[in-house]
């Protein structure tokens, strides 16, 4: 089974996600972009799983979803915590720790 | 990692034109049930409250819903200045699409032979059946959230937030409540689940699951007494405060569509779908009628509950979902698992 | 194969069509009074008082909390489905796994409850 | 009695000192160094000259997984140097005792560690053990300089940083080179890995590897000496170091570097030694001339001594890379000589500074001999030794070196001789400017005390003794020196043979 | 397919509970700490750390029991072999140190003791899973289980902005790392059709996919993902910021344990799954190592905050460790494991002193806080001195032997140039390690400069010279200056110091351990 297009889409999504992480300022958007990256990987995992005819990829994808959820939950928690401390929600303004 | 999971594939697929034809028919049947439910709602409620309910349009007021919808469609279109135009318009449609999508998996009967062609009396029968329903019903949150947010109004947004919180809270319990059924049936495909109920409807072994499902379904469909999202006293009209005309009609119709779907799922999962009790084995053409009748009965139950129970406070609603239903559903799943494995 | 899902697309399309009709009907069929839209029509409805709300306002932390709890618990439900389907096939092994899983889930639940995250504030 | 006792005793004493506290530590250290000296003497006495190979060998597996052993031994190359080190440390310990140090137990702790490290480096017969001791030597001096050094804190810290970083840079290169030596030797000869120097001698490396490894080793040793282009740390480092530490640093630590050439480089990398002979000779020559000129123009007595060391070390390098027996013998003798004069010289620098209000600048000195004839006499003896007055052991040493170089490369010998002359100039300049001339107003001319003589007299006595009987060292080193250069000479011989044969073919 | 289903169904994967026991101990410990902690109330402050230590000790004990058994458990998901168990010793020891260091920390108090220690244990569990992972799925799960609790722990002091920011930064960067890693793993899976390390290796050996673009980009992305976690340059930029902002005990834990885990998995992934294509990844990894060494060391030179300096030094050390992985021989693996132990001891010693000092000094973790420490508190100064000397690779410390071993492996693996780079890095590193020592032993004690802070004319601009940098967020413990002894911190510091010195003089036991660990990677020579 030809999965070329799936991979192209997946790579595109990944790049969009990566681009978003690099260029966007709002941590919520960054979090969304991270999800994009993870889901891009999921897409290719499932496509590969289909290609190889074994379920490893699917299982992997399932687990990745959970992990992604945990990451988002923690991220959201941190963002809310910062938000409630009235800190600027803009990663470029997090000036405390600049190298 | 040598375990091989079955893929999302099923024995056969009809010819494409049969697929389209049956999909259109089933959809129309389903969508017809929306005004039916709407009318039932008003009539039954009226009766229970010792009044007549609508009785002017058509025989016994049966065409009242049509008149309502017609009226709404001819209203002037306007929206608040603060709203986000495109999303404001699209949100109700999303609700509609989600409802329609979820309807696709409801089985009205097994594969039957109609004039020489095998036709499954369902939209689709996939190995992930029930997850498909969950997927679409989860997506419908977007319809509400977008609508509430795009309205640009405080009450709308708060209503949307509340409804989202409510929906997702009960979604967990709903998912867990069906685990027992899935364990017992050993499949996610809805037709197979129905067939697995040949001996006994799952309402009996899975009574706890059923109760939880029912409660969650109330919350999921925003039906009273769990219609906190549009609690008039607190939130005006909830997420749909700013909507009027056709767009409001779309929300309204979608809500009743969801009600129908929830009832149909309950029928499929717990009431044996097209099966009849006591070993009655009617001809195949009766099957869809059985399903429809059962569904309507469940819808009636929803309406009955609406008139009977008072609306809880929001925090009570949330604690019911999280503190009672969730552990109960988990325990149910666990007990079912143990019994199934031990007796298997 | 994907053809199995064919009808689902029909359903979605039909839903979209009907939704579209409902959404657009008002502007097509409804009365149009161009230039005479009243102020009351374009302000958000707030029980009769003029709107004071500007864009983003804050709402309770509980919403976030519920969202996070949902993400975590719902995702864990996802794990239960595959194992529920295969429970009979795998027998005791799967049962043990399920029990361990559910016990852990319950630990998290107890924790969340005890820490007061389930109280709606 | 094994060599282990010799090298670990100072450490034990140092730790004891820390435990017993600041009152006892100074005395205890002097006692310890003297006992160590005694042990060293006993080794020298028991040493059988004229015998091949190592004596008093201790050989235990240390890190067997990597083929590293704890191998100690004494032969002609290091027997005299051990004695020198033990002697100079005793002198310095006494020297240090004449002063008050802040947190004395810590001072003597580092001092003891330094002695252990230096002695260890001298007797180590395993390449890695040598490297370890060589690196370790620096750490005590880092602290000694940084905490108790002269000058204000900033310059002190800068000086000690410079000192340590420069020298450790070399050492780290040497570490890679040492490991490469072991690994490559094992690979090229398909044997088990070993770092024993005597074993490595039997496993010559291929030319290519020898060359880069040689350069790494040379860099380490030349920095430590220090030799001319690599001496950048010297002015700051020497200025900052406290005098007793400086005495041993200049007197002994630089000798470890020179000793390293003899112990490791010549025997293990003979081809590379021949290959780079001229480069090294050039560096040596550079050091001699640069050191002499700088010593001549230095405005600070301490720096005069410091740069004279550069010149002296140049001579020693010159002798080593003459790559013949004379040169090596001379170098060994010169190591001892230079070590012997350095400690008293720095001690005298201290005495001079004490008389000139703490200043070591030459322009602040003058006329100190006025009321201090004993001091003047002793200083003169030491100065004369430094400038290699005929009759002194230094003369013998330099003569042997020049003889060796003359045999190897005539041109270098010629230029090196200039250095001999310059030595006289700067040594006498310093002496005259400090002791004679007008009495500088800031100078308080007074005689040395008896306590001071405890340092000066023994060193001067030994200098004189060696002047009378330089054979004392030479006969002990003779056999080993021959052995050391044997392999190299075989190569040079080959080379010259090749050359001559080429020339003979028209 | 159906038959496969049936056979699998008949058995289910066998689970070797004995082999799994060290993990179970940690998981159970985490759960127990959490539950006990939330039900106890005030006494949780002392009970939870004790429980955590007990769990860690149990894990160590079970590892000792399982030591020497080389097995692959749960259908090849995890390898419980000497490498895993050895690294588990280090991890748990680090864990115990972290618990002790956190005992009085503000972070544990603010975050809640139960949560704090439970997260610590779970993170350790993730690390253990990671180092034992023999399957891409397990690898990823371990990776995330390691990371997610750490994100929270970094932000544990959620009343202090620096901590929150550090957590968020770490989360974002770490998630980018994991996404990249995941994409890489997906591509590897796609190229080889297997998630199993052995299966991948087989596929690489048999097929013609060795030079496949898919495979190579997969390996590349995986490497990048792991590089993020191991703070390998150029993916290290987050390290100083996060290290500085996080509560110091967590910084210590991160600096040591994360690196141990990351290198454990690097060893296993590259040397078990991908040795066949080592010519492809070797040069790239070597280049990374070289860049890391230089960047880390140069970066550390200008730092005034000790935590930041240690962060950069950690980057540099990651370069050294990566060099051990590059070699791709058993010797390299052994050297890496050896150095990991040493690295752990040295960093723990250093960070303990930083913690002790931070709690007592208004200067927080600025190097000036350590001025004159040699005189005022030699008990604190010595461990830091020895740790610094060890990090610089001075003889008699284990750092020397560790570097020696690495160079040995590099030279015999034909990577002599990398050995030279390593040495050059060490030379540069002297510049900043010695600076700390100089401040301690040759600096003026803090007392002299303190009035500047106490006086009314004290400049309040954070970061201005002479102003105590409390406002800069660097000294989180400063608001509760604890004077006097902190026996547990001192104990950790001195124990770590003892380890450094002991293995610097008698390294043989450690060699044996590292040797066994290295030999359990049977695929290589």
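Positions of Cβ are set from backbone N, Cα and C atoms, glycine also.
Some features that TrEMBL has for this protein:
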- E:20-40: transmembrane segment (TRANSMEM)
- E:115-133: transmembrane segment (TRANSMEM)
- E:133-429: domain 'NADH:quinone oxidoreductase/Mrp antiporter transmembrane' (DOMAIN)
- E:139-158: transmembrane segment (TRANSMEM)
- E:170-189: transmembrane segment (TRANSMEM)
- E:209-228: transmembrane segment (TRANSMEM)
- E:249-269: transmembrane segment (TRANSMEM)
- E:281-302: transmembrane segment (TRANSMEM)
- E:309-331: transmembrane segment (TRANSMEM)
- E:337-358: transmembrane segment (TRANSMEM)
- E:379-403: transmembrane segment (TRANSMEM)
- E:415-434: transmembrane segment (TRANSMEM)
- E:489-511: transmembrane segment (TRANSMEM)
For the transmembrane segment (E:139-158): best-contacting stretch of E:115-133, E:170-189, E:249-269, E:379-403, by Cβ pairs under 8 Å: E:115-133
Of E:209-228, E:309-331, E:337-358, whichever stretch has the most CB pairs under 8 A to the transmembrane segment (E:415-434): E:309-331
Long-range Cβ neighbours of the transmembrane segment (E:281-302) (under 8 Å; 6 or more residues past either end): 219-220, 223, 227, 232-234, 236, 240, 270, 274, 309, 312-320, 322-323, 325-326, 328, 415, 418, 421-422, 424-426, 428-429, 431-432
Among the ranges E:20-40, E:170-189, E:249-269, E:337-358, E:489-511, the one whose Cβ pairs under 8 Å to the transmembrane segment (E:209-228) are most numerous: E:170-189
Beyond the flanks of the transmembrane segment (E:337-358) by at least 6 residues, Cβ under 8 Å: 83, 86-87, 90, 93-94, 97, 101, 105, 248-249, 251-252, 255-257, 259-260, 263-264, 267, 306-307, 310, 314, 317, 320-321, 324, 364-365, 369-370, 373, 380-381, 383-384, 386-388, 390-391, 397-399, 401-403, 405-406, 475-478, 486, 489-490, 492-493, 496-497, 499-500, 503, 507, 510-511, 513-514, 517-518
Cβ-based contact of the transmembrane segment (E:115-133) with the transmembrane segment (E:489-511), 3 or more pairs under 8 Å: no
Spatial neighbours of the transmembrane segment (E:379-403) far in sequence, C-beta under 8 Å, 6+ residues away: 313, 317, 320, 335, 338-339, 341-343, 345-347, 349-350, 352-354, 356-357, 370, 373, 422, 426, 429-430, 433-434, 436-437, 440-441, 490, 493-494, 496-497, 499-505, 507, 510
For the transmembrane segment (E:489-511), sequence-distant contacts whose Cβ falls under 8 Å of one of its Cβ atoms, 6 or more beyond its ends: 97, 100-101, 334, 338, 341-342, 345-346, 348-349, 352-353, 355-356, 379-380, 382-384, 386-387, 390, 395-401
